[in-house]
Every structure is written in C-alpha cells, then in structure tokens.
Amino acid sequence: MKVIKKRFFKPKEETLPSDEVPDPQSSAEPLHSLFVPDESEEEETTTSPKTNFEKDIIAIVGDISPIIMKYLYAKYSQKRNGAKFAVTELLTNPPDVEKLQQDSIASQSAKRPHTIVSYQEPPNKKVNINPDSASSNNEPLMWQRLIGSLNIQAMATXPDHETVEIPGKXKLKRITTKNSTMANSAIVRVYHNEREIGRIPEDWTRILSPLFDLNIAVFEASVLEETKSRLSTGDSFVIEIEVYLTNSSFAKNLDATENPIDLKKSNFDYSKESESEAALRLRQFAISNLFDRLAIKPLKVNDDTEDEEDISSQEINSGDVEHPVPEINLDQMKEFYQSNNQLKILEGLPETTTPPKENFALDLRSYQKHGLSWMLAREKELDVLEMLSNEDKLSSQSRKELENLGTMNPLWRKYKWPYATEATQDPTQNQTEKYFYANMYNGELSLEKPVIKSSLRGGILADEMGLGKTIATLALVNSVPYDNFPEPKSDRPYASQTTLIVVPMSLLFQWKSEFEKCNNNSRHVCRLHYGEDQETNLAWSLCNPDNSKIPIVMITTYGTVLNEFTRLSKRRNSKGELPKVGLYSVKFFRIILDEGHNIRNRNTKTAKSVYELQSSRKWILTGTPIVNRLDDLYSLTKFLELDPWNNFSYWKTFVTLPFEQKKISQTLDVVKSILEPIFLRRTKSQKKNGKPLVELPAKEVVIEQIKFNDDEEKLYQWFKDRAYASFAEGIKSGQLLRRYTQILTHILRLRQVCCHVDLIGGAHEMDDEIIEAEQDEDMRKFLTSIKENQIRFANDTDVKEKMYNLYGKIKEENECSICTQVPIPYSEMVVTPCAHTFCLSCILEHLDFQKELKKEKLCPNCRSPISKYQLFRIRNQPTKGNEIRFHIQKDAPDYSFQLYLYDPNRSSSKIQALVRHLKALHSQSPNSKVIVFSQFSSYLDIIQSELKLASEEFIVFKFDGRLNMNDRTKLLESFNQPLEDGKVAILLLSLKAGGVGLNLTTASRAYMMDPWWSPSIEDQAIDRIHRIGQNETVKVVRFIMENSIETKMLKIQERKKQIGEAVAAEEEERRKRRIEEIQILFEE
C-alpha cells in the first residue's frame, strides 16, 4: 500500500552517528504541509514509535540534531499528538542549544521550482541556533557598514499567540540541510523574540542565501506592520531588512572559499566547475541582484568630488520610463579630456619644474612647467623631476602614487557609500571611506581603487592648439636627453641618446627651427631624416659610442616612415620580422608623434608603419585624439603599447561593442579610465586662481553677409530649384538616404555658386564623397541664356573701338563724382563708355542701387545708359601709340596705362568684398599681414589672380597641398619676413593645410571665404594666428552669402556647438546624421 506524503521540501540529511540515522525506507502517517505538497511518493512500512515520531518532526521542520530530537522525544512521545507539540515548541520556543550542549541543528529547505536554477548550496552547512550568528566564517567580524535597506513582504509559517510589537526587532536565519541541492532551495526564516514567525519569499531567498553562505553581508530585520490580531499561517506582513557589508565582504582572494560547493548537476551542467568558480558565480549573482534591489548605481568616472552623480537616477526606475539613447559627442569627450588636469596626481606635482639652463634657452610658462612635471612623472623620471623642481619637492605620498599609477580596471565600477555612517562594531577600525569599488562580473568588492599597472613610459599630450605642445616636448627632451640606464638587451641596437620625432611634412622645418631656437647646448644636435638627408646606416650613426655627433633629436615625416615600411615589408623573414634597415634598424630612446591623430585608423599603412618602430618611451601630441570614432583612441593605445588596451579583442569587448549596443555611460567610463593616467589636456579658456592659463590678445569674429549680384542670384536660384525638387522627391519616396550622394552634389553646386561661378563643374575637393563633375546640358543652356540677357557690347570689334577711343579722354587728376576721391588710383579706377571715371566699388554700388529701385541704369554724370558689362579698368602697364592708331585710325601718343574690359563674373561678390577689406586695411594699417582661408584650392587660384589684378600693393602667397616641402618652407619664410614698404602680405591657405601645426602669429587678420560643416575645423584654422606669440588683437571676418545655403550651414554649426559634434560608431550612422543636417539645409 502506498500513501502520499505531502511536504514542501525534500529534507537534506545531516551526517549523524550510525545509531541515529533514520531508516530511509521507513514511513510515517501522512501530514499536511503548510504550503506546497510534494509529488514524491514513499512506500509505507511498519516502523517503531520513535522512528514515526522522528519522521513526523522531520516531515515538518526537516532534519534536526540527534540531541534535540532525543530531547523532544523524551518530552512529548507519550502525549497524544506529541509530534505536533514538539513542532510547536521548535517553531515558537526553540530549545536552548547551550543548555543542551549542541552546536547546531539541521535545517529544512523548500523544493525550488525546476525552472529556477540560481546558485549552488554548500553541503554540510550548519547554522548556529543562536539567531545572532548569521554566518559560519571563522574570521571574526571586525566592522560592518550599512549599504541599504529592503522592504520585503514575508509570510507567516505558524500561528502566533500574540501580536508583534512595533517596531518589532527580528532576526533572519538561513537554514539548510545536508541533502539540499540546486533544485532544493533553503529557507530564510524570520524570528521574533527567539521564535519563528515567518519566512521570506523564494526570490529573495535566492538572493540572500549566498550572502549568508559566503559571509558577504549581515542583516538586521524589523517588522513594520502591526498585526491587529495574532498571525495565522499564510498571513503576510512587511519587514525592513538593513543590509551591512563587512570586512569579509572585501576579501581580496576570491579564488578559494572555506565553504565547499556542491557541484551536482541541475538544469545546467556545472560538472566542470570548480568550487572556487561556483563560489564566484554565487557571489556575482547575489551582489549584482542585491545592488539592483537596493538601487545602488555606479558613479560616473569624472572625479572624486563631492557632487558626483549616479549614472542613472535612483529616484526613477529606468525600467519604468523609456529614455532616448544619448549620443556620445565630442563636447562630452572634451569634458573628459579636460577633467584629467584636475586629477589629484596632477595637483600633487611641482609647478616650478624648469629644464636645465645649459640645455634649454627659453623660459616656460607656469602651466608648461606643470606639464613638464607630468611628462617627467609619466616617464618615471622622479629623481630628475625633484632635481629640476627647485624647492617644490614631491611628497612621499605623491611619489608613491606616481610609482603605482595605472589605469582603472574596466571590470570594476565605482560606488559611493549610500549613508554617511562610519563602520561599526570595532572602534579601532576607522572606516570612513566615501567610495568603494565592485566588480559585477565576479561579485568582488574593494575599498581600494583597482588598477591595471602598465610599463608604459609616455602618454598623450593633448593641449589645445596654440598652447605650445612643441616647446613643452622639447623641454622634456632637453631635461632627459638620453637614457641614463640603457637596457642591457634588445633585438635591435639601442639608440639611447636619440629621440625620433615623426611629423607631417609641412611641419618638418618648423620643428627643426623650434629646436634651434630653444637649444642652448652646442653638443646637442638635431638631424633631419628626409629626402636626400636620410641616413642609410642608423645603427652606426646613432649607436656607435665613438661617434661624437649622435643627434639627440632626429626628425622625420609620416611619409618617410611609410615609404621605408612599404619597401621593407616585401622582405620580411620567416618570423614576419622586418629587415633591420633604416628607421627599423634601431630601437630609439624616445619616439614622439606630432599630430598623432594621423594614425587613428589602425588599418592604414601609415599606422602599421609607425607601430613597428621601437623605442623605450613613446609620446603622442594631438589636439584631436578623437576625430570620428571612439576606436580612434585604440590606434593611439596600440602605438603606446598600453597594456591591456593595445589588445584589440580587449578593446572591442569593453569599448567598441558596448558603444555599438548604446551602453553610452559604461563606454565613457571605460574611456575615461583609459585616459586618466596617460592623458593631459589644457585649454586656452581654462583658468587657474581666476586667471587664464595663458594671456592672449582679444579675438573678434564677425560675420559679414553679402548679397548676390544678378548673375549669381539667377544661377543660385536655378540650382536651388533643382536641389529642392530632388530633396522633396527623396522625402516623398522615403528614399532620402539612398539619394544621399545626389543631394550632396546639389549642395556642392550651391556652395560653389556662393563662392564663384567658375567653380561650377569642377571636382569636389573636400567632402567625404568625391563627386565627379556632371556634364549637364541643361546647365550649359542656362548659362548661355544668362549671357544673352546681359547688356554687353555687340562684338569684340565694338569693344576695341570704344576702348581705344577712351585713351585720350582719361586725365591724371580724375575725380570720382560719387565719393569725390581725387585722384582715383589706377588700381581702383573704372571708365564708362561715355568717358566718365569712377571708383569701381562706387559705380557698382550705384548700379546695384538702381537695380533695387527698378530704375534704368544710367551714368551719374551724363545720364547715358551704362552696364557693369560695359566698364573698362586700368592696369599699370604701358600702351604703345601705334596700337591705338591701328584701331582708331588717328595719331596717338604712348600712354603709361592700359585699358581692359571689366568682367564682373570673373570677380565674385565675395572676392569683391575681400578686396574692399584689403584696400581699407592697406590705407589704415600698412605693412599688415593677412590669412585668407578657403576649402577649395581652385577657389584660392581664382582669388590669387584677382588680388594680383586688384592692386599692386598686395603681396600674395598661396599655400596648399600642391606645394613640395622646400617650396612650403621658402613661402612661409617669405611671408613671415617683416614688411617695410607699406604693402599688405596676403597668405592664401587651404583649410586642410592650415589646420595642421602652422604657426602664423605674424598675421593678425583672417578672412574665411566659405563656411565648413564642423565649427571645430574653422576654430583650429583660426588658432593658427590666435596662439602663443600673438601680440595684437585678432580680427576674423567670415563672408556669408545672404539668404543662401551658407546661412543654413551657420545654423548647423550652432547646433553642433550646442549638442556636440556626433561621434558615430559606424559609417552608415554618420550618414544618417548628415541627412538630419541636410533636412535643416532645405528648410524654408
């Protein structure tokens, strides 16, 4: 006969003396469970009264100690329903274990649903009957600290004979039995006045039980709701549990555990899991869930200031409200960069560090001295730092911190103790830390910042453009010119006295010039490794101790490194090593990359060529370490050999993938932890003690809006109509992104018309997509129609007849009847067909005014009809009399000037505005120097020719990517020469070439001929003149065509300044963001 034994747990047996072990085949009369009946069945057999009594007890409360069982049997076995009385005593008034001289009793566990597998129970786990003992760790409790509190709805497990006092102090006890398995959860019971009153829900049991078992936390409970009548079985009541972390919670060695872990199989196969691994899994599960339930959030990794904020607010559950995923932007990144100069490490460094006078001729500014201290500390030259810092010595604490400096482990997050309470229980422990750290991957906790130490001696100097990164770097080189402790072994000869500096070609001679300017030691030599100056046997010239002319600095270009790498790559040996030739034949003392963002793409040959250069110390100088992607930083860390971030799989795991998964805060925390010890950035707007780091003259930027002339306006409107039609069609069809390239073509045309109509049809020079010039029949017809509608001379014969007849009517003392200027300079004079002379700007303004009034265009003097296409200008070149006689059939003398037909389309409205500014500058401030910026090299060509025609007082230089190295150097030297003849020197500079490393402080005026999408690109160009060394107020004029696409581009620039310039993870995402900007361009 079989009977069903109903019970809510399967008892786990404790190891007992052989005479006390219950017969596993014995049975008992069925008892009703308090909760869920078990489906297990056992056969009924005849047993002794003692066995039946024990079975009845075990069926309700689980296995208990043999001594306790013996005590209960002796007391209640002769009574009717004795087992029930025994259970009541166990549940309401447990026996005193000290009196019974018993260490522990076995505990019962409820059967966990088979779909829930959370953690492994430790076997043979014993629980002291004393409720004050929550764990069995042999380590004494030294301190505990409140981490938070929980409100939990508990369930009464037995009828109570009295109400619970409020507040009702209670105890939690974690009880488990010998046979508890993954499928058999233990119960965490609630005790009040030493009697059990209930248990907590199973989901909470799964979280709290490992905290008990692994000695991670201790708990204090209080009953919050008063029961008006006694509790009945199954009643609910609310308890508050205060959770305390203890000193054992922060144990550093988690590879071993005192509590053995049962590795029996469950729904998951943990058969290959060690005890240590199981303990870590339990700990991770419990810690992460506890922090989640307590709403404890990690801090942002900005700093250790008092006003730190949580990554997500504790007031709002992130699961309740949907928030848009924030975009990471360059403005946020700049905030991260800037925070590095506020590090405690930086604050503890001397601010008086000065390079040796016998080596370095210049005086450093205060912030440069501070930066030099940081660079020496990064190179671990602490003795040199103290020697050069005069009386400002390092404290022992600062020295220790510098020696142990490392990057924060990305697996860890920083937390703030949620309550301002000190640790309790042991007054000798001064636990007043504000922060602690947690590793949610394994549940490890730490009071000390977990760092990954690196052997890197170097870093990234990312000071804003114009703060003197070059001088700061040369100060470092002159402070430590060579390695005082050369490495004993290296697979390449060690050039222990030479620093290799890799620069863009345009900066090669500038670096050499800066070195010579600051060098104060005749034995210190700088050598160029470029072109014909390349040394073939570097191993001898740099490593031979007999060579007295070993350079302390050798400067080369990225192109030179790439060329050598490409040539040698074809000759790699069986191990994949490059031949030891040229730059790859030695290991340098130090390598410095100027404009280091040139290697930001790790897949380019330039980056790969630089990776294989060897040195003991490495530095990167860049004002823009991130250009488009966060992965730009990876290439920098790879060059620096910043372990472990130079391993791409590591980088991808903690930076690339989380960013792609929109885990913005997590990614930024990791990026900050990477940059923190190796990165320094200062800005010109940054202040110290209320004063800017560097005192620069004022900078004034003004926008001058210019109106289109007739032809420009017609042409612009025609292109605009076509562009808007294409955009509207893309919106209507929902394929705007697919029409991206076509729309960019239209935008390009509109921008070209704003600059100069001659740019129409040329290949685009600046955008990401290279757009071939379309041969548009409609466009050619339109241009032809414009010319047909212009009032022009009938033919070339008519032009010459009119022009040559004017020679005898032009007087030297000509007066402009509009502005009354006398005489009118030839370079500004214009002659009408009716032989009246005016200033060019005056007559053009007059004609434009007549157009606005919709009146006929007439000569101001004689009222004859005139047109800007029938005006003649004067060159300062002689004209022979026989040339004139040939056309007018009359005698004529020689003249000192030459007339030519003015072409208003040759000089666009913008160029005319530029000429007006330059002429005004010449008259007000002769000997001035000016920079003119544009993105289009072909536009600069047009400007150059127009300026040469406009005035002989203009000296024009043009600097773009088409110049070779020698021509660039000569051009800049000529431009920087002082002017003494009253003329104006004008440097035409492409925006791309002007954004790299040039020092143009001899100029104080700049003109931006066309806007760019990114305001930061324009700012970098302007910083070429507004930087250290500038002594005059800088004025910048930005020419913008009125009511054009350029005014919309200004809106986009302003938008980027407000919300940041987006750094997208993928190319497609960047294109989508550009579409948003395109929509702004086409807004009416």
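The backbone N, Cα and C atoms fix where each Cβ goes, glycine too.
Note on Swiss-Prot: of 366-369, 510-513, 594-597, 710-713, the range annotated with the feature motif 'DEGH box' is 594-597. In sequence order, R365, Q368, I1028 constitute the residues six or more apart from G468 (ATP binding site) in its chain with CB-CB distances below 8 Å. The average pLDDT the prediction assigns to the zinc finger (816-863) is 86. The helix, strand and coil residue counts that DSSP assigns across the zinc finger (816-863) are 16 helix, 7 strand, 25 coil. Between the candidate binding-site residues, M465, L467, the densest Cβ environment within 10 Å is the one around L467. Other than the site residues D463, E464, M465, G466, L467, G468, K469, T470, same-chain residues with C-beta atoms no more than 8 angstroms from the centre of those residues' C-beta atoms, the ATP site, are A472, G623, R1027, I1028. When secondary structure is read from DSSP and collapsed to three states, K469 (ATP binding site) falls in the helix class. A coil conformation is recorded for D463 (ATP binding site) in the three-state DSSP classification, outside any helix or strand. Residue density at D463 (ATP binding site): 24 other Cβ atoms are found within 10 A of its Cβ, drawing on all protein chains shown.
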